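Below you'll find the structure, written out as structure tokens, and then a few comments.
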Amino acid sequence: MTVGIVAQRDNDRAMSLASTLCDRLRATSAAVVVDETTAGALGDHDAWEAAVPDSAPVDEMSACNLVVSIGGDGTFLYAARGAGSTPILGVNLGEVGFLNAIAPEEAVETVVAEVEHIQKTGSARTRAKPRLQASGDNWELSPALNEVVVQGERRGHGGGATVDVYVDDSLYTSGHADGVLVATPTGSTAYNLSERGPLVHPDVAGLIITGMADEMGTPPLVVDVDSEIVVELTDADSGVVVSDGRVRKDVVPPERITVSRAGEPVRLAGPPLDFFTALDKLA
């Protein structure tokens, strides 16, 4: 079997742990690959150079049997984009993390235990979490685990656009706003929360629609996870659709964007995160 490792860039703790993990995994007879950035960082440091395994682009991590993310939620989202349906286990390096459940001091033993379980049974112990697919006329973005944002070219005075939001063909809201955000429960603690959207427990089967500087004062709405959400963007020179804050598509209004549950969920491996314990770190 093959384990992929993606470590947070410019973080010595993450690279040191990645080096240790590479050494331990070799003792289990598992093959190890790291993403190209991690390989470069390990190779540039004398103490870690011997641990450098094969490297591969993050987009090829789906060929692994397990992917390990070491860092924060941003690193996890980056790794998850390439992992596809491959189970992914997140190691949290201390900041508020709602996707990374494993403490660094427990990481090596937890990963080794999961690898041995896969070697013995042929599959990982996982929990499926929905992702979002945003698409338009002849285009679609890579799936988002946290949120999809649709907005005008810029925010603030003189920016934004007219936004019409439909849920399963029924009009929910219409008017001027900076944009609209559609989040999964997993992403409710991220950008959604900063836009005054609600916290939603990750086990709830729903999607969250939150207006961004919405002049209509429309409250956020939680809909069924299988709802189809359509955002019509007009009255703006340009707009943008963003998946998990990283992958973006520039659009020219009028544009009709569909956001719905992606066909392939993310599969979380390892012990589950205690949601309410993680919430304490937000205070």
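Including glycine, each Cβ sits where the backbone N, Cα and C put it.
The NAD(+) binding site feature in Swiss-Prot is assigned to D73, G74, N146, E147, H157, H176, D178, T189, A190, Y191, N192, L193, S194, A213; the stated evidence is sequence analysis. Sequence-distant contacts (6 or more apart, same chain, Cβ under 8 Å) of N146 (NAD(+) binding site) comprise D73, L77, A183, T184, T186, G187, A190, Y191, N192, D244, G245.
Per Swiss-Prot, active site, proton acceptor is recorded for D73. According to DSSP, D73 (NAD(+) binding site) sits within a helical segment.
Residue with the densest Cβ environment among the binding-site residues N192, S194: N192, by other Cβ atoms within 10 Å.
Just so you know, the Cβ of A190 (NAD(+) binding site) picks up 24 other Cβ atoms within 10 Å once every protein chain is counted.
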